[in-house]
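K.L.:
Feature list, courtesy of TrEMBL:
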- 58-329: domain 'G-protein coupled receptors family 1 profile' (DOMAIN)
- 40-67: transmembrane segment (TRANSMEM)
- 79-102: transmembrane segment (TRANSMEM)
- 122-146: transmembrane segment (TRANSMEM)
- 158-176: transmembrane segment (TRANSMEM)
- 212-238: transmembrane segment (TRANSMEM)
- 265-285: transmembrane segment (TRANSMEM)
- 305-331: transmembrane segment (TRANSMEM)
Amino acid sequence: MERTDRLGVTSFLMNDSAGHRPTINPTMSPLITYEQFLTFLMYISPLTIAICTVGIFSNIINIVVFYKMGLTSSANTSLFSLAIADACNVSAVLVMSFENMFDDSQLPMKMSDITLLTSHAYYFFSAMCSWITTIISMERTCCIIFPMKVKQIFTQKTILSLIAGMLIYQTCTGLPKSFATGLSRTISPLTNRTLIFFDFSKLDAFMFKTSMLISLSIPNLICFTIVLVGTVFFIINFKQSRKLRNSMSGSGGISDKTSDKDARLIRLVICICIIYIVGAAPNVGVYLAETIYPPLHVSNPHLGYFIHACYIVCNLFQATASSVNIFVYFGMGSKFMQTFKEIFLNKAN
């Protein structure tokens, strides 16, 4: 049965007809054995599940709070959209974390096939998180370069149009990889029961690779580069830009408050971008490593389980990055904290 890796390259694993673990070439010993891989999963999966559970609840809180705060500003619109994408992203990672946990159960489909289906949703929302973070980064960059024009450039309508365009792009580029995917039945040689599995025999490998490349690999790499460069730019120019804005606004109390508010927002965006960079760096590193060294692939009998373990670590990093933004909002967003207390604490009291 054919399986797919999470960076857009098709993997042809030599599985048995029931979709059990891949057979390893006896002439080449694997860097990580199947038993070692299962031991790794035993430790990493509960941690990932716990982080994803926290992430789902924290992002639901973010969605409710930002909606209550209002979506009239471009910043709130972007952060609200990011919270939705993060919630969907960690939900997909949560399902994927159950791979191999229930393969011996009486489910009609192997859990590994269910996680394979969920991985397509993960690809979609992972890319959307990257796109939205890039919008946030570019908006703050324009605040530094064009401080007097940014509100005309990035309006609520502009933000919504960009996000809608990215949704359409991700949908159109991600659909082709599912066109030739079907379901088939087989008899498990171990349990003698009928199993449903995904049949990729009619899948065009070139179409699949191209779809994954333009829907996941290239967008994530472009977004990572833009956010990384933008964050460095923020850190270098933040103090200079703040002095310039203060000199332009004068010493009035209202202007000082406005400048402080903008400074807090820029610091918040810097933290969000750093979190994104840390969470996406393993993904980008694995993608570049596979590009430079093509044998580094899950179908490689020597490196297969090793690269699969790397993918799972990437899931963990990305789930963590999608789960901790709420702590940044609590630490830097006084309006966020106030709205949170009004919604949850006052009702509880």
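Just so you know, glycine gets a Cβ as well, placed from its N, Cα and C.
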K.L.:
If contact means at least 3 Cβ pairs within less than 8 Å, sequence distance 6 or more, would you call the transmembrane segment (305-331) and the transmembrane segment (212-238) in contact?
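P.N.:
Answer no, regions not in contact.
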K.L.:
For the transmembrane segment (158-176), what are the same-chain contacts with Cβ under 8 Å, counting residues 6+ beyond its ends?
P.N.:
74, 77-78, 81, 120, 123-124, 127-128, 131-132, 135, 139, 207-208, 210-211, 214-216, 219
K.L.:
So which residues does the transmembrane segment (79-102) touch in its own chain, when a touch means Cβ under 8 Å and the partner is 6 or more beyond its ends?
P.N.:
38, 41, 45, 48-49, 51-53, 55-56, 59-60, 62-63, 66-67, 71, 111-112, 114-115, 118-119, 121-122, 125-126, 128-129, 132-133, 136, 159, 163, 272, 315, 318-319, 322-323, 325, 329
K.L.:
Restricting to CB pairs under 8 Å, which listed stretch, 40-67, 122-146, 265-285, is in contact most with the transmembrane segment (212-238)?
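P.N.:
Answer, by Cβ pair count: 122-146.
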K.L.:
Go through the chain and flag residues at least 6 beyond the ends of the transmembrane segment (122-146) whose CB is under 8 A from any CB in it; none is fine as an answer.
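P.N.:
Hits for the transmembrane segment (122-146): 6, 74-75, 78-79, 81-82, 85-86, 88-89, 92-93, 96, 153-154, 159, 162-163, 166-167, 170-171, 174, 212, 215-216, 219-220, 222-224, 226-227, 230-231, 233-234, 237-238, 241, 262, 265-266, 269, 272-273, 276, 280, 283, 315, 318, 322.
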K.L.:
Please give the average pLDDT for the domain 'G-protein coupled receptors family 1 profile' (58-329) in this predicted model.
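P.N.:
Mean per-residue confidence for the domain 'G-protein coupled receptors family 1 profile' (58-329): 81 out of 100.
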